[in-house]
Every structure is written in structure tokens, then in C-alpha cells.
Amino acid sequence: MFSMFVLNKTRSLLELLTWSQTTQNWNVYSYVPRDQCDSYGLCGVYGNCITTQLPICQCLEGFKPKSTGYRDWSQGCMRNKALNYSKLDGFIKFNGLKLPDATNSWVNRSMNLEQCRVKCLENTSCMAYSNLDIRGGGSGCAMWFGDLIDIKQLSNDVQDLFIRMSALELDLSNVVVVVIVLGFVRVVSFEKSASKRSEKQLSVKIGVLGFLICSGVLSSVLDFDFGSIDGFGKFSVAVLMSCVVAFLYTPAGKNARSFWLGSDQLRSNLEIFSRG
């Protein structure tokens, strides 16, 4: 069987032709690219090529187009929130993506996925990680360094890719709740050991934090809506807790002390509240 490669300039395809003895003609056996998304880096860095979408290029979650031009994806996408390049960063899991170009990647066959996550987080150049082998529940570690390019949406969800994100892009409701709970625990221990002056200072700090979240000031500073979930989801609960903290912890008078379990501050605040 005879075959040859031909560059079809009209269709912008590289075709593999085979000779048919029966028809005495050259027939197209295969060609590349098979779809527009097979073109390397079509959507630029952090751009996801989706054949069923218009435009065909879309930014990944947490990213936005670099260019304002509707059809200009040569520059790809940029982050909504800059990375901290520290352990405050986290990862968002993306399903069903063709893994990025592996030019700047590193692999280890013996590491598990959690070890891979820790190692990637420790390296400020690591932008993503994944299992090296998805068979049998997944094994090994693959990490990507620098900007991610040549990403394509696949029709199946067998491969997970974890991309590094700023903490501000992650679920902050958990962070807020943890801070509030830690504040409560801290006050309990602080009541037993600290001086009244330090105790009052801690009360003011926690009260101010709760007030900032409750009033929306912190949302404006961080450009993040703590109440941005429909209904009473975790974000709304976090805001409600912050309002309670602001009410209970903020001193009502110049002689007020931090409250806890029936101390002067709680009684002072409740008295003011009851008087209307």
C-alpha cells in the first residue's frame, strides 16, 4: 500500500492519503487537526477550547480574558485574583480537561495525589497537579510549572486537573467560620490568663472583624461578596455569625470588658439592645 502526506492549503489540514488499487485514486485516510481545538494553544494560556461553545475559547473558572477583543484569544486569560505564592493558595478541581502542554512538567510514579498536592503547594512555580495514571483510582504525580496552555474540554470526566488559585477564589465561607470559631476558643482561654487590657484589645479586634464582614466593608476591600449565594447557604450563615460576633464583642462603653459566659460586656450589650 502506498501512502503520502499532503498539506491541504484550502482546508488548512495535513492529510494522509493512501492509494487504492481498486479505484486507482488517492483517498484521504486521516487528517489533522480533527477539529479546531486540535490546533496547538488556540485559546492561549488558561484558555479552554470547547468545540460546542461560541466563542470556541472560554476562560477557565477563576480567570478572565486578557484581551478585550471578542475573537482575540492569542493572549489567553489572566487570573481574577493574584496568587499569594504561599500556603494560603489552594486548588480548584477541573474535570474532563485534556492535560496542558507538558513541556514544563515533572512526574513521579511513586507519589500519591495528596503528596503531589503538598509538593506543588510548596513550590511557587507549580501551577497545577494531577494523577500521572488514572487507572485503578489514580496513582503517581504530575506537576506543571508556569502558565498552562493547550487545554481542551473533553467529552468524558475521567481526568481531574487541580489548578492553583488564590485563597480569594476559593470558598471563603469556610475561612470566615473557622476564624470566628477560633476567635471564640481564643477568648475562652484568654479570659483565664490575660490581663484586662489585653482582654479588651482582643475583644475589640474580634468585634471589628465581625463588624467589617457584617457591614460589607470587608467585601468591598476584598472585592468579594460574602453573601453571594442564593438562599441561606454557608456564606449567609457566615455573615449572620459575623453580625452576632460584632454585636457581642464590640464594647458598648468605655469601661466595657470582653464578655464570655455572662461577663459585663454581654450584659451591657444586651441591656442596650433591650432598651431599643
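Count begins at 1; order follows the chain as displayed.
Cβ coordinates come from backbone N, Cα and C, glycine included.
Feature annotations, reproduced from TrEMBL:
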type	residues	note
DOMAIN	77-167	domain 'Apple'
TRANSMEM	172-190	transmembrane segment
TRANSMEM	202-222	transmembrane segment
TRANSMEM	234-252	transmembrane segment
As a quick check of your reading of DSSP, tell me how many residues in the domain 'Apple' (77-167) are helical, how many are strand and how many are coil.
14 helix, 36 strand, 41 coil
On average, what pLDDT score does this prediction assign to the domain 'Apple' (77-167)?
92
